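Asks: Once you've had a glance at the structure underneath, I'll fire off some questions.
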Amino acid sequence: MEKESRPSWEQPAQFVLACVSYAVGLGNVWRFPYLCQMHGGGGFLIPYLIMLVLEGVPLFYMELAVGQKMRLGSIGAWSAISPYLGGVGIASVVASIYLCLYYNVINAWSFWYLFHSFQEVLPWAECPLNSNHTGYLDECRKATATQYFFYRETLNITSAISDGGGVHVGQALCLLLAWMVVYLCIIRGIASTGKVVYFTATFPYLVLFVYLIRGLTLHGALNGLKYMFTPKLEQLANPTTWINAATQIFYSLGLGFGSLIAFASYNHHNNNFERQAIAVSLINSSTSIFACIVTFSIYGFKATLNYESCLERVKLLLLNTFSLAEDTINVDNITYWITELNKTHPNQFADLLPKLESCDLEAELDTAVEGTGLAFIVYTEAIKNMPLPQLWSVLYFFMLLLLGLGSMLGNVTAVTTPLRDLRFVTHYLSNETTNGLVCLFCLVLGLGFTTRSGNYWLTMFNDYGATFALLLIVLIEIISVCYIYGLEQFAKDIEDMIGHRPNWYWKIVWAIVSPLIIIMLFIFYIINYIMGGTPTYQAWDKDLGQSVTTPYPPYAQAFIILLLVSSIICIPLSALYTYFTLFFLLLEARFKM
């Protein structure tokens, strides 16, 4: 009766849009283009699509099936399969809490940039003047205006993780606003979420389409697209390319966090989740490729501007040094003149050589930028050079905000749904109160990321908070379904829900292929961590105006280990607790006899 009284999505479309809004997130906009750039442009699509078929869609399908069959959150669903597996659900909840803590901080940054976009001159378009008004600030001059605004104005970052600094009040207020928006979107559970996703799942596509049109008309956009679609097939022989393709599919779809199980638990019993799993997976991957085209058109524009600016500086240097007529050298013949002047004035040219920049468009395009660097530095660098930069800035950061918000709805649902499945929570707390307490808890802890050293801790959570745990969680999930619950019984359950059994392809991938891929990812991650030596982070050096690689201090390394094990330790501890509980219950029953 409890399961029958469980709320449901008003329409299947709400469930699909919720999954799309959750799966299509910031990673599609900034991580996928980075991986394409790093692993051979269009050639990366080959391992990516293979991993989508062998890993992404089958595991997505499996989690939806488990959630819809059990009609419970992650903890209840895995406990129903075996009482010893409740810890898998708890581990998913812990990983989701870690994600909630820092992911909404990125939404706070989006709010910050959005609010600063309504200015006559964008604040990251030019460097501020020094105290004497005789030139630009030294730190900004050595970096760039966009880097300065991100590291100094947005984060006001310290030079090391050990230097905590105070709370950045502006960022703290933006984080408060971000959590208020999330709470309003989930205040009544899926009744609220189901309506919000109509907007969060669709509007980013409108913005991406507008950006695509604008991007393709930018000067140099074709250079970026040519770079993207020129495959470097030698990268297919690189194992790291395949590992990164599998990892990108894994995290882009949000496997292992419990969000998909939570969303599917609100489906009607006969909902056809098989078609929905395939559709959402294809939409997610298509969005990554679509966003990659947009990103590379803008990236080509930025790289071309940098290249041409470099050529212009070299041209002026040559004209001034050798007292040539102004129209003698241009962009097309500059290489000829460098060679000619080196022949005719070797001594003078040798003195000039240390000042002569090497301008290379390919090198500009080869410069890979990941994560926040791509979203908040590279994009803003391009936006400031566009006509009507304020308009493009507002559209871009509003899109980022919606992408982040859509993912946050899934992250928070992964935490609140298992809590609502607990009888004492349902009995004493309303839906609104439970959701509010979860948001408040995450807000209070998340304030730590708004300190001046908060970005270093955010990077740590992003790198170590869930990666290791999720691989183990999903591996145990698939082994539990295939070899503990039973693949044949699972197939019968699917037939009961959608009217037919999964075909041989799904069974082979679940039973053999996907576990092997995950085991390889798991081994690769452990080897990478052990062989990588002391973990490092990128510390901002204000004197150099750039990030420098710095080893984590011992206490931070200890915290990394805590992050790595804190969620997965729930799995054996919960199993031991269940074992001893059942053991003592059995003893008690025997004594009573």
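Just so you know, glycine gets a Cβ as well, placed from its N, Cα and C.
Taken from TrEMBL, the feature transmembrane segment applies to 12-32, 44-62, 83-105, 169-191, 203-222, 242-266, 278-299, 394-416, 437-458, 464-487, 508-531, 558-587. The Na(+) binding site annotation in TrEMBL covers Ala23, Val24, Asn28, Ser252, Asn284, Leu403, Ser407.
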Asks: Give the nonlocal contacts of the transmembrane segment (242-266) in its own chain as ranges (CB under 8 Å, at least six residues past its ends).
Replies: 6-9, 15, 18-19, 22-23, 25, 27-28, 31-32, 35, 38-39, 44, 47-48, 50-52, 55-56, 59-60, 63-68, 70-74, 77, 89, 92-93, 95-96, 99, 190, 273, 281, 284-285, 288, 407, 410-411, 413-414, 417-418, 466, 469-471, 473-474, 477, 517, 520-521, 524
Asks: For Ala23 (Na(+) binding site), which residues of its chain lie six or more apart in sequence with Cβ-Cβ distance below 8 Å?
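Replies: In sequence order, Ser252, Leu253, Gly254, Val280, Ser281, Ile283, Asn284, Gly410 meet the Cβ cut-off.
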Asks: Of the listed stretches 12-32, 278-299, 394-416, 437-458, 508-531, which one has the most C-beta pairs under 8 A with the transmembrane segment (44-62)?
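Replies: Counting Cβ pairs under 8 Å, the winner is 508-531.
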Asks: Can you see whether the transmembrane segment (437-458) and the transmembrane segment (169-191) are touching - at least 3 CB pairs under 8 angstroms, only pairs 6 or more apart in sequence?
Replies: yes
Asks: List, by number or range, the same-chain residues at least 6 past the transmembrane segment (558-587) whose CB is under 8 A from its CB atoms?
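Replies: Distal contacts: 83-88, 90-92, 94-95, 98, 460-461, 464-466, 468-469, 472-473, 476, 535, 552.
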Asks: I'm a bit unsure how to read this: which one of 12-32, 169-191, 203-222, 394-416, 508-531 has the highest number of Cβ pairs shorter than 8 Å with the transmembrane segment (278-299)?
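Replies: The stretch with the most contacts is 12-32.
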Asks: Beyond Ala23, Val24, Asn28, Ser252, Asn284, Leu403, Ser407, what residues of that chain have CB atoms within 8 A of the centre of the Na(+) site's CB atoms?
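Replies: Same chain, not in Ala23, Val24, Asn28, Ser252, Asn284, Leu403, Ser407, Cβ within 8 Å: Val20, Tyr22, Gly25, Leu26, Gly27, Leu253, Gly254, Thr287, Ser288, Gly406.
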Asks: Is the number of Cβ-Cβ pairs under 8 Å between the transmembrane segment (169-191) and the transmembrane segment (394-416) three or more, considering only pairs separated by 6 or more positions?
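Replies: Contact criterion met.
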